[in-house]
Amino acid sequence: MAHPSQLGFQDAASPVMEELLHFHDHALMIVFLISTLVLYIIVAMVSTKLTNMNILDSQEIEIIWTILPAIILILIALPSLRILYLMDEINNPHLTVKAIGHQWYWSYEYTDYKELAFDSYMVPTQDLTPGQFRLLEVDHRMVVPSEAPVRVLVTAEDVLHSWAVPALGVKMDAVPGRLNQTAFIASRPGVFYGQCSEICGANHSFMPIVVEAVPLKYFQDWSTLMLENA
């Protein structure tokens with residue numbers, strides 16, 4: 001969960017998010033080194049009156065500043081492509097959940113069960129209990145088992161939405177008439193918050209997403225209780 005004045009990302013709660021954080025740090029260090037070198041060259045050019053003809057007209061330097069950026073781009077592109085393929089990899093999910101975006105709430109259907117489906121509305125501010133987060137808490141959370149691959153089928157009923165949970169490294173557009181899929185593995189039990197990340201209308205920031213990861217035993221008890229109350 002993010003907190004006020006936080007500078008970095010949320011703590012990773014899935015293997016994919018851990019890889020994304022590592023890639024972010026890797027790319028940031030490359031950007032930092034390039035920025036430092038460019039700043040040094042600018043300061044040196046402005047602060048000195050000395051001129052070196054070998055620098056002004058040198059084929060070797062032109063070769064270096066052509067090849068070096070290409071190498072840097074390769075060092076950034078290869079890890080990025082690796083993570084991109086990892087994010088698209090969906091192998092034998094243990095659970096499939098269909099998330100449907102509406103104006104302005106989410107509906108969830110557990111397709112492995114016959115009648116397990118519910119709507120998830122934001123809890124109004126006046127109904128919040130101590131410890132709940134304003135504009136982030138919902139009346140029915142999406143409950144999934146931890147340490148198990150979960151596939152999420154994402155679509156929309158009316159306009160474009162986007163199902164996003166930063167701590168899990170998940171963000172997938174919900175398009176009317178189209179079924180997109182993504183997957184994640186919650187590496188630990190916990191409650192993870194997200195919001196619709198598409199400008200889908202006036203109340204687009206008021207359709208939060210709450211994913212609660214619990215051990216498998218508690219998930220079975222929850223699903224049984226939900227089916228009995230259906």
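Using the three backbone atoms N, Cα and C, a Cβ is placed for every residue, glycine included.
These figures come from a predicted structure and were not determined experimentally.
Annotated features in TrEMBL:
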| type | residues | note |
| --- | --- | --- |
| DOMAIN | 1-91 | domain 'Cytochrome oxidase subunit II transmembrane region profile' |
| TRANSMEM | 27-51 | transmembrane segment |
| TRANSMEM | 63-85 | transmembrane segment |
| DOMAIN | 92-225 | domain 'Cytochrome oxidase subunit II copper A binding' |
The domain 'Cytochrome oxidase subunit II copper A binding' (92-225): mean pLDDT?
94
Of the residues in the domain 'Cytochrome oxidase subunit II copper A binding' (92-225), how many are helix, strand and coil by DSSP?
19 helix, 62 strand, 53 coil
